[in-house]
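Feature annotation from Swiss-Prot assigns N-acetylalanine to ALA2. Taken from Swiss-Prot, the feature N6-acetyllysine applies to LYS40. Residues or ranges marked as phosphoserine by Swiss-Prot on the basis of similarity to another entry: SER102. Annotated substrate binding site per Swiss-Prot: ASP253, ASN254, ASP367, LEU368, ASN369, TYR370, ARG371, LYS404, in sequence order. The feature Mn(2+) binding site is assigned by Swiss-Prot to ASP253, ASN254, ASP291, with similarity to another entry given as support. The S-adenosyl-L-methionine binding site annotation in Swiss-Prot covers GLU258, ASP291 and rests on similarity to another entry. Marked as motif 'Subfamily III RTxK motif' by Swiss-Prot: 401-404.
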Amino acid sequence: MAGPPASLSARDVGSFAYLSVKDRSPQILTKAIDTLHRHKSEFFEKHGEKGLEAEKKAISLLSKLRNELQTDKPIVPLVEKFVDTDIWNQYLEYQQSLLNESDGKPRWFLSPWLFVECYMYRRIHEAIIQSPPIDDFDIFKEFKDQNFFESQESIIALCTHLQELRKTIEDLDENQLKNEFFKVLQISLWGNKCDLSLSGGEHISQKTNIMNSLEDLKPFILVNDMDRLWSLLSNCKKTREKESVTRVDIVLDNSGFELITDLVLADFLLSSKLATKIHFYGKTIPWFVSDTTLHDFNWIIKQLKHSNNKWVSQCGVDWEDHVKTGRWVYLDHIFWTLPHEFSAMSQVAPDLHAALQKAHLIFFKGDLNYRKLTGDRRWEFTVPFHEALSGFHPAPLCSIRTLKAEVQVGLQPGQGEQLTASEPNWLTAGKYGVFQFDGPL
C-alpha cells in the first residue's frame, strides 16, 4: 500500500509554501524586531540597563534567525533548555534522517513547510527566553490587542445577539434551536478570517457586523457537516442522564475577534444545553502571531467585563463565572506548539490524547490545526477527511477552518478543479470555509 503523499514544502518554487518562507516569514521576523525597538524605553523603565542589553540581545538573535532563513542555512538545534527542547531536537534529527541531500541537513527551503514554520516561531520564543529580564515579553501581544480594539462594532453586535438569544432560548422549538446553532457555528467559522500570521502581522480586524453577512457567505462553505454536528449534540442532550456531562472541546486558533466568536459558540452550547462543559485548548507560548495563550484568554474576558456596553459587559461577567464554576476550563499543552502532525499525538503526548478521548466532540479551529490534522500533505482534493487524518480519531471531531494553505480534502469530484480554474488562489485567500466532521455516521 502506498504511503501518504509528500509534505508541502518551499522546494516547490512559486507555491504558497515557497512564497510564505521567502516573503511572509522574514516580514514577520522584521515586525518582531521592530516591536522590540519600539518597547526599548519600556524595557529601560522596568529593568534599567539590563533591559536595554536584553533588548539588544533579542534583536541580535532574531536578526541572525532572519539571515539563516533568507540564506537557506541548515536548521540548527535549539540551545536554550526549555520543557520541549529535547522533543524539538529529536524531531530535527528525525527530519535529518529523511533527507538524502548532499549534506543531509534540513533547510528552510527544502524541509516540510509545517516543520520550518513552527520552528521559526519556536526560535522567536527562544530568542526572548535567552534574553532575561525581558524573557516573559509577548512579542505579538500588541498585534492581538489591536485586532480586538479594531473589531469593537462586531463584538458589540455579537454580544448583543447572544444576550438577546439567551432570554428566549428556553422557548425555542427544536428547529429554531438548530438554526441558532448553525448561526453561531458560522460566526465562529468566519471569525477565523482574522489571522495575523497570514497577513505577515499586518492589521486584520472584523469591522463590519458579521451577523448581517451569514446568508451571503453560505455559498463559500465548501464542506458543510453542520447537520452531523447537530445530530450528535442533540442526541447527547436527549439521552443525557441528569447528573452526567456532555463535554465539547475547542482547540483554539486566533485571539482577538476570533476568540470572541469561539466564546460565543461555547456560551451557546451551555445555554442551549447541547453541552454542559467546555474545555478550551490554547498555546503555552506566543505562536503564529495571533494564536491564543492563557494571558490572551483571561485578558479578553476582562476587557469585555469592563466594557461600557451593557451586553458586552454582561458577556464578560457571564464568561468569568463560567471559568470560576468550572463549566469552562482553559488548558494548554506543549504538544500544540510542537511541529508534529496530530497523528503522532498518541506517541508524543499520550496524556493529551487520553484527555481528548473523554470529549463528546472536539472542534479544531483554523488553518494550522487543519494542516496538522492532515499532515500538511499534497492530498488529492477528493481523499476522504477520515483517511487524511492518518489514524487520529480520539473522539468525534470537526475542523472549522477558512482556507489559507494549499491543502484541502473531502471535496466532491471536480469541485477543486473547478475552483482552481475560476479562482487560482481559492486555497489560500481565506474566502472559502469548511465544517469537516469525522465521527460515527
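Keep in mind that glycine also has a Cβ here, set from the backbone N, Cα and C atoms.
Only residues 6 or more beyond the boundaries of the motif 'Subfamily III RTxK motif' (401-404), in the same chain, are considered here, and those with a CB under 8 A from a CB of the stretch are 189-190, 192-193, 195, 198, 222, 364-367, 369-370, 426-434, 436. Taking the Cα atom of each, TYR370 (substrate binding site) and ASP291 (Mn(2+) binding site) are about 14 angstrom apart. The 10 Å shell around the Cβ of ASP291 (Mn(2+) binding site) contains 28 further Cβ atoms across the protein chains shown.
Nearest by CA distance to ASN369 (substrate binding site), out of the recorded positions LYS40, GLU258, ASP291, is ASP291.
Take the recorded positions LYS40, ARG371, LYS404: by the count of other Cβ atoms within 10 Å of each Cβ, the lowest one is LYS40.
Highest local Cβ density among the binding-site residues GLU258, ASP367 belongs to GLU258, counted as other Cβ atoms within 10 Å over all protein chains shown. Across the range of the motif 'Subfamily III RTxK motif' (401-404), the DSSP-based residue counts are 0 helix, 2 strand, 2 coil.
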